[in-house]
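**Q** My questions all concern the structure below.
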Amino acid sequence: MNKMLHQLQSYDFALQEAALFLNSHPNDQQALAYYNEMQACSQELTRQYENQYGPLTNKTNSGSEWDYIHGKWPWEGED
Amino acid sequence: MWTYEKKLQFPVNIQTPDPAFAKIVITQIGGPDGELSASMRYLNQRYAMPYDQIKAMLTDIGTEELAHLEMVSAIVYQLTRNLSMEEIEKEGFSAYYVDHTTGIWPQAASGAAFTSAYFQSKGDPITDLMEDMAAEQKARTTYDNLIRAAKDPNVIEPLVFLREREIVHFQRFGEALAYVQTHLNPNNYYRYNPAFD
């Protein structure tokens with residue numbers, strides 16, 4: 001089980017949940033503050049995760065190799 | 001998982017409504033060789049594909065097809081914007097209008113509803129990739145037919161882009177098929193399912 005991945009899934013889920021709420025409550029400052037906090041957490045952890053395990057999207061491959069195709073695909077389950 | 005980006009893959013800016021053309025271009029939303037069927041074909045085929053680089057290809061092309069679905073939907077939306085009842089009747093848009101007003105609903109040019117019978121996911125990489133190459137050609141032919149019928153350059157431009165993508169995807173799937181065939185067990189003369197047998 002990959003703890004970093006699970007933490008990232010939690011941040012991104014929180015971000016999604018906040019976004020849905022903000023769509024119908026765009027002036028809610030408390031929700032917006034929560035969204036901003038989760039966004040910062042998600043961005044930082046995405047950076048760390050991709051450095052360690054490779055790109056999560058085909059737009060974030062970095063370095064001199066095409067790593068995007070390597071590693072398990074999400075539907076195959078975790079190691 | 002997926003994330004939405006609030007932009008089109010290629011601009012669609014149509015100023016002049018044309019419900020008659022909307023009625024035929026809608027086939028690339030929900031018709032037999034349309035973008036919805038293309039996306040569902042590739043995204044569903046991924047699970048039976050044993051090779052990482054082709055899993056990536058099916059994922060990325062299946063995702064791009066969703067962006068194409070959005071482009072064709074934008075075309076239909078802009079072609080049917082601010083229509084009067086008179087224009088709807090004169091341009092033969094009444095049958096669509098009565099069921100959907102000017103909302104977007106996936107159907108073929110004939111009016112037939114979208115169905116998953118428009119694509120196959122056979123669980124055999126060679127069978128599936130052959131289907132994918134044929135599908136790209138059928139979609140390219142459909143765009144050829146649409147471009148021939150279109151007059152507005154603002155409609156033609158995005159259609160030409162979409163046609164070109166069919167050609168590129170056909171090329172990529174051809175490479176995928178070649179990859180599968182060179183990685184087959186040398187005793188598999190008759191190309192039996194390399195994902196199952």
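Keep in mind that glycine also has a Cβ here, set from the backbone N, Cα and C atoms.
Unlike curated records, TrEMBL annotations are generated automatically.
Sharing the record's features from TrEMBL:
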BINDING   B:GLU35, B:GLU65, B:HIS68, B:GLU136, B:HIS169  Mn(2+) binding site
BINDING   B:ASP60  Ca(2+) binding site
**Q** Per DSSP, B:GLU35 (Mn(2+) binding site) is which: helix, strand or coil?
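**A** Helix, per DSSP.
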**Q** CB neighbours of B:HIS68 (Mn(2+) binding site) within 10 A?
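**A** Other Cβ atoms found within 10 Å: 26.
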**Q** Taking B:GLU35, B:ASP60, B:GLU65, B:GLU136 as the binding-site residues to compare, which has the smallest set of other Cβ atoms within 10 Å?
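**A** Among the binding-site residues B:GLU35, B:ASP60, B:GLU65, B:GLU136, the sparsest Cβ neighbourhood within 10 Å belongs to B:ASP60.
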**Q** Return the count of C-beta atoms lying within 10 angstroms of the C-beta of B:HIS169 (Mn(2+) binding site), excluding that atom itself.
**A** 25
**Q** Other than B:GLU35, B:GLU65, B:HIS68, B:GLU136, B:HIS169 themselves, what residues in this chain have Cβ atoms within 8 Å of the centroid of the Mn(2+) site's Cβ atoms?
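**A** Checked against the 8 Å cutoff, the neighbours are B:ALA38, B:SER39, B:ILE61, B:GLU64, B:ALA139, B:LEU162, B:ARG165, B:GLU166.
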